[in-house]
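Asks: Input: one structure, supplied below.
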């Protein structure tokens, strides 16, 4: 007997029992970004490895340890995309969408990182993101934060997430601050863990983001980036906070929030939750004004955010907010006896022609008890019972699967209106 093949570790199938939840979440995402006038962009899954080395940074964990990279038959180094922002910028540069223009874009698709699989974090994961180009003021920063806040409202989780913000300042101010931070960390080098010692020179800001409690004690007394911002970034951040206050969007300033990707500057933010344990970040983003030029385009301001779909769905599931997702079937059509099957198919197609309801017909025969068991398992709210009498009289018996509405019979011609009344 041939060996049963399995999916690759950390790359999961999305089975029919889960796809309804995914479709529900995707629908809310699409409807919300449409309210803000954002347009969808779709990028290839495979990109040149150079794209991510130049954008994410060669000394980041993603590039050093986590990317799926391979040489194709021409010897070109290719990578399965580990995130969406770099690909969106590459596409914008390549197709002339960014220079001297304003763009509001969104994307949704699979990303790949060779991490240790754990709850809510997988090697193939799906990311939803928004990216804006050509807008430099804090008003667009506020807009993308407000958009994300509206998503939490739509999902019913506003009380379960909180917003943390920070400013990384300009590149020049950040470089000057790095020297100050490195000097401080060097004075405490022996107390740092191995990972922080490694990052101290290659990417010292990431030490601020360490989850090690001992390192956090040292970091808590470190010089604050907020105290070394350039005047322009400080003014930008002050206005950002003022606008968030005006919209009633609560936030806390987290001076250790630095984000894990090298391309960020000025505004950075995260939405975090306590409902997922250690995997607390649900959504993260910020401003990356230098990335467009870094990837070969003309200089353009940019800001956006991304969220992991698996983690969002896990949060909704943990909070019991996916239980009400609509079953995939509204109406289940049964047929008692082979001679009734043709009439049942006619009834099913008639309903599809005259309603927007989702109708599943029983196939494979069997007695009525067996068919009703299937109807119940489908999650349908209504079963149509068809036998010789219904076929002869061109009628339909309607059985309501939920509530206390009594079973009834009506003429086939009146069925669509009766169903619409019930479902509306």
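For all residues, glycine too, the Cβ spot is worked out from N, Cα and C.
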Asks: Which candidate from 73, 113, 116, 121 does TrEMBL annotate alongside 83, 84, 85, 127, 131, 259, 263, 264 at the L-histidine binding site?
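Replies: Given 83, 84, 85, 127, 131, 259, 263, 264 bind L-histidine in TrEMBL, the matching entry from 73, 113, 116, 121 is 113.
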Asks: Looking at the binding-site residues 85, 127, which sits with the largest number of other Cβ atoms within 10 Å of its Cβ?
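Replies: Top count of Cβ atoms within 10 Å goes to 85.
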Asks: Compute all pairwise C-alpha distances among 83, 84, 85, 113, 127, 131, 259, 263, 264, the residues listed as binding L-histidine, and give the largest one in whole angstrom.
Replies: 21
